[in-house]
Amino acid sequence: MKIVLVFVCTLYLAQATYLSEQDVNEVSEFLEALDQANEAASEMVEAAETEEARDWECLPLHSSCDNDCVCCKNHHCHCPYSNVSKLEKWLPEWAKIPDALKRCSCQRNDKDGKINTCDKYKN
């Protein structure tokens, strides 16, 4: 009787493992398809932004910038951590602030009043 019980448990475990492997395969196939769709969408967005940049002769969205004039008309140069440089003189010598925190980038104009103030885009 014990042998039959062990055999049935083994079959059940094998069946459960097989179903789990099928589920894992289906999920991995779905994730691969999702990654491909995401890549295609991001390529389309990049192409559109590059075309916009060519039309305006300006930097596309999320490019590094120094001022509003290098960004496109509907973008502005945003420096989220512009005050970080002022903190550097107060930090000990061993503490370094990464350059990524000092980086400014072209961002979309928003409703909060953050707009491109460059003279060449004013009408």
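Cβ from N, Cα, C; glycine included.
Residues of the same chain lying 6 or more positions beyond the ends of the signal peptide (1-16) include none with a Cβ under 8 Å from any Cβ of it. The signal peptide annotation in Swiss-Prot covers 1-16.
What Swiss-Prot lists as domain 'Oxytoxin-type inhibitor cystine knot (ICK)' is 55-122.
In the three-state DSSP reading, CYS72 (disulfide bond) counts as coil. Under the heading disulfide bond, Swiss-Prot lists CYS58-CYS72 (among others).
In the three-state DSSP scheme, CYS77 (disulfide bond) is classed as strand. The disulfide bond feature in Swiss-Prot is assigned to CYS65-CYS77 (among others); the stated evidence is similarity to another entry.
The annotation disulfide bond is assigned in Swiss-Prot to CYS69-CYS118 (among others) on the grounds of similarity to another entry. Secondary structure at CYS118 (disulfide bond), as computed by DSSP, is coil.
Per Swiss-Prot, disulfide bond is recorded for CYS71-CYS106 (among others), and the stated evidence type is similarity to another entry. Applying an 8 A CB threshold to same-chain residues 6+ apart, the list for CYS106 (disulfide bond) reads CYS58, LEU59, PRO60, LEU61, HIS62, SER63, CYS65, VAL70, CYS71, CYS72, HIS75, HIS76, CYS77, HIS78.
Residues or ranges marked as disulfide bond in Swiss-Prot (evidence: similarity to another entry): CYS79-CYS104 (among others). Note on CYS104 (disulfide bond): other Cβ atoms within 10 Å of its Cβ, all shown chains, come to 19.
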Take every residue in the domain 'Oxytoxin-type inhibitor cystine knot (ICK)' (55-122), average their pLDDT values, and give the whole-number result. 78
May I ask for the distance between CYS69 (disulfide bond) and CYS79 (disulfide bond), taken between their Cα atoms and rounded to an integer number of Å? 14
Measuring Cα to Cα, how many angstrom lie between CYS104 (disulfide bond) and CYS118 (disulfide bond)? 16
How many whole Å apart are the CA atoms of CYS118 (disulfide bond) and CYS79 (disulfide bond)? 16
